[in-house]
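What TrEMBL lists as ATP binding site is GLY113, SER114, ASN115, GLY116, LYS117, THR118, THR119. Positions annotated as domain 'Mur ligase N-terminal catalytic' by TrEMBL: 26-101. The annotation domain 'Mur ligase central' is assigned in TrEMBL to 111-297. Taken from TrEMBL, the feature domain 'Mur ligase C-terminal' covers 319-445.
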Amino acid sequence: MIKKTLLDIHRIVNGLNEPAFLGNTEIQGVTIDSRKIGKGNLFVPFKGERQDGHDFVEQAIQDGASAAFWEKDVPNPPDHLPIIVVEDTLTALQTLAKSYRNELNMKVIGITGSNGKTTTKDMTAAILGTVFKVHKTSGNYNNHLGLPLTILSMAPDTEAAVLEMGMSSRGEITFLSELARPDIAIITNIGESHLLDLGSREGIAEAKLEILDGLKENGILIYHGDEPLLSSRLKDPQGFSCCSFGRVESNDLFPISIEAGQTETRFEINTVKDTVFTIPVLGTHNVLNSLAAISAAMELGVPVPKIQEGLKNLELTAMRMEMVKGIKGETIINDAYNASPTSMKAAIELTAGISGFDHKYLVLGDMLELGPEEEDFHYKIGELIDPASISKVYTYGPLGKFIAEGAKQKFSEEHVSAYDNKSELIEDLKKTVSSNDLILFKASRGMQLEHVVQSLQSK
Ligand SMILES: CC(=O)N[C@H]1[C@@H](OP(=O)(O)OP(=O)(O)OC[C@H]2O[C@@H](n3ccc(=O)[nH]c3=O)[C@H](O)[C@@H]2O)O[C@H](CO)[C@@H](O)[C@@H]1O[C@H](C)C(=O)N[C@@H](C)C(=O)N[C@H](CCC(=O)N[C@@H](CCC[C@@H](N)C(=O)O)C(=O)O)C(=O)O
Ligand SMILES: Nc1ncnc2c1ncn2[C@@H]1O[C@H](COP(=O)(O)OP(=O)(O)OP(=O)(O)O)[C@@H](O)[C@H]1O
Ligand SMILES: C[C@@H](N)C(=O)N[C@H](C)C(=O)O
């Protein structure tokens, strides 16, 4: 984490108050929540939807913070405390993060894309961690606030930083990339996430390609080469090089064999002969995520055995194809972190292909932020589901009803149930599911479908 004197911080963020009295106190670490103060922290208050962090500055310092920012328009600054008055606390935080990033001598890998950012981040960090001191985005801290906090929490001797960059509107990735200045940029795929803001998949592709705006000179872009919206734009890169990955053999990196187990996937790739890579997660889409991670690792000279070791020992962030057990012994795929049509299709395809269970059920919820075509997107997901491989389809939420309507084109009425109420859905599942059944849960973050998973894991 960052360690710096208040005088230096005052200079970096263009503090508005008199710095003389700040002295040479050194802060270590930054937090935005007074309930999580670490000794010596700089506390950065924000006005939120429910509360104003400025109300907790005094308490934060009493609890061990060395100093705090104070936004200039907030009345009654506690002049008796070590505060740095700033124009805007978010801008000050971001400026401090950018300054700290530029002090550190490390390789930065920036990851964006519609789906797979967090998974690819975890994979990349797991591989690089076998040979480097690595710092990675914690959870999903991937936006204008999360990325600066991630950078400020980095140890000064970090050798490789794996940073997730999320967005929902144009210009956001440019900002994040110019802040992080990656040596390697990864675009995992172009799906439909955030269509509401971006209007089209072309718009999504343009927004993801903003990651080039901060890519270092002679940096490398690793991208999903099966996506025409990307490959068509990257035929003649200027000032950076490219490496494509995908299923199609025209890519620089592609799998030559994929073998799915019950809880892991084994695959070989075109550039490394007679070598099997194993990932402790299912799904062809996760093989593709691994290819992006492998490509970045090879760029940084990680030897193949270390790549194999890193992937094999991977620990994924929760609720991404997470396999758990229910109270009856049923197998649950908790893929409930988020959902868009691309990721929903990938998860359904995966579940349909798994064997060894008496029944296989899908519990699918709303996919949010898809814009005016949202009902059609949901209906088309329902139409995709094959009764030959799926026993019953459950849906949750107002848009989930359209998945149910699409599924009824192939399923009989009694094998499709649409719910708006989690309790009724849980009751039905508890009555229906048996020990040798498999259930997939998937919906957008806003649906919090994990609450249903948790109910099946308790009496
Ligand atoms: C500023 C802040 O902390 N926001 C978080 C806070 O929001 P809320 O407004 O409810 O805060 P409060 O009103 O409760 O409190 C205000 C502040 O006061 C502090 N405080 C409060 C009480 C107290 O006793 N002491 C205090 O110090 C408090 O800490 C506040 O700072 O709480 C919400 C619920 O937990 C958080 O969700 C909210 O976090 C915001 C949304 C945020 O951006 N957090 C980042 C750190 C982050 O990275 N979060 C990620 C999710 C990022 C994300 O959604 N990414 C998108 C892509 C990017 C889209 C982009 N356009 C965008 O806008 O984000 C994706 O699809 O991945 C995460 O949490 O996982
Ligand atoms: N390459 C991929 N292609 C399609 N779907 C994917 C891919 N990788 C992951 N997914 C699916 O997307 C979901 C989210 O995965 P992950 O959290 O890694 O992506 P993310 O881009 O960080 O998501 P978000 O933007 O919602 O934070 C997973 O549950 C998985 O089902
Ligand atoms: C908050 C935003 N990044 C996100 O994850 N949106 C999804 C669609 C949701 O909120 O469910």
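Every residue, even glycine, has its Cβ placed from backbone N, Cα and C.
For the domain 'Mur ligase C-terminal' (319-445), DSSP puts the residue distribution at 50 helix, 30 strand, 47 coil.
A sphere of 10 angstroms centred on the C-beta of GLY113 (ATP binding site) encloses 26 other C-beta atoms.
In the domain 'Mur ligase N-terminal catalytic' (26-101), helix, strand and coil residues by DSSP number 26 helix, 18 strand, 32 coil.
In sequence order, THR188, ASN189, GLY191, SER193, HIS285, SER340, THR342, SER343, ALA346 constitute the residues six or more apart from ASN115 (ATP binding site) in its chain with CB-CB distances below 8 Å.
DSSP assigns SER114 (ATP binding site) to coil in the three-state reduction, placing it in neither a helix nor a strand. Residue density at THR119 (ATP binding site): 27 other Cβ atoms are found within 10 A of its Cβ, drawing on all protein chains shown. According to DSSP, THR119 (ATP binding site) is assigned to a helical segment.
Proximity of THR118 (ATP binding site) to non-local residues of its own chain (separation of 6 or more, Cβ distance below 8 Å) is seen for THR137, GLY139, ASN140, ASN142, GLU164, THR317, ARG320, TYR337, given in sequence order. LYS117 (ATP binding site) is surrounded by 26 other CB atoms, counting those within 10 A of its CB over all protein chains shown. Regional average pLDDT for the domain 'Mur ligase central' (111-297) in the model is 96. In sequence order, THR188, ASN189, HIS285, ASN286, LEU288, ASN289, ALA292 constitute the residues six or more apart from GLY116 (ATP binding site) in its chain with CB-CB distances below 8 Å.
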